[in-house]
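Beneath this line is the structure, given in structure tokens, with notes to follow.
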């Protein structure tokens, strides 16, 4: 399974568990931050063709919409949680640089800024625009894209 960083394309910031713990509690918010360290590495665990779990490599917890609803409303926070179920399935869209939830909403920085400050929450939203693009890069070279479906 490939280990990677999730990089906000417009700002160059990275997805992190808030607080940077190697074993964050369930429902720990996911934020954007400029730091790079081993506690913000991710892996993608394919479950059904293109759908899978975005796994926090250090803890094994996975990315969820807060509350675990099948169709989370706009502005639902993204968190880490230990449970694995269909409501936590995402696809990594390399062609459009999006992360899409099984219900059809996308990962966004809260507020939709192209240059969000450190500690900006990440949320689910149905809009598509340049500020919600993410790329998947190597922990050894933050400018080198990696394939997560391997």
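Even glycines carry a Cβ here, placed using N, Cα and C.
The D-galactose 1 binding site annotation in Swiss-Prot covers 16, 19, 35, 36, 37, 119 and rests on similarity to another entry. Sequence-distant contacts (6 or more apart, same chain, Cβ under 8 Å) of residue 119 (D-galactose 1 binding site) comprise 18, 31, 32, 33.
Annotated D-galactose 2 binding site per Swiss-Prot: 27, 64, 67, 83, 84, 85, in sequence order, evidence recorded as similarity to another entry. Note: residue 83 (D-galactose 2 binding site) has non-local neighbours 62, 64, 68, i.e. same-chain residues 6+ apart with C-beta under 8 A of its own C-beta.
For 75, 108, 111, 127, 128, 129, the entry in Swiss-Prot reads D-galactose 3 binding site, with the evidence type similarity to another entry. Within 10 Å of the C-beta atom of residue 129 (D-galactose 3 binding site) sit 12 other C-beta atoms, taking all shown protein chains into account.
Using a 10 Å radius centred on the Cβ of residue 26 (N-linked glycosylation site) and all shown protein chains, the other Cβ atoms total 12. Per Swiss-Prot, the feature N-linked glycosylation site maps to 26 (among others).
The N-linked glycosylation site annotation in Swiss-Prot covers 74 (among others) and is backed by sequence analysis. Residue 74 (N-linked glycosylation site) falls outside any helix or strand according to DSSP and counts as coil. In sequence order, 105, 123, 124, 125, 126 make up the list of same-chain residues 6 or more apart from residue 74 (N-linked glycosylation site) whose Cβ falls under 8 Å from its Cβ.
For 118 (among others), the entry in Swiss-Prot reads N-linked glycosylation site, with the evidence type sequence analysis. Around the Cβ of residue 118 (N-linked glycosylation site), the number of neighbouring Cβ atoms within 10 Å comes to 12.
Of all Cβ atoms in the protein chains displayed, 14 besides its own lie within 10 Å of the Cβ of residue 27 (D-galactose 2 binding site). Neighbour density for residue 19 (D-galactose 1 binding site): within 10 A of its CB lie 12 other CB atoms from the protein chains shown. Apart from 75, 108, 111, 127, 128, 129, the residues listed for D-galactose 3, the same chain places the Cβ atoms of 74, 106, 109, 112, 123, 125, 126, 131, 132 within 8 Å of the centroid of those Cβ atoms. Listed in chain order, the extra residues whose Cβ falls within 8 Å of the Cβ center of the D-galactose 2 site residues 27, 64, 67, 83, 84, 85 are 26, 62, 68, 79, 81, 82, 87, 88.
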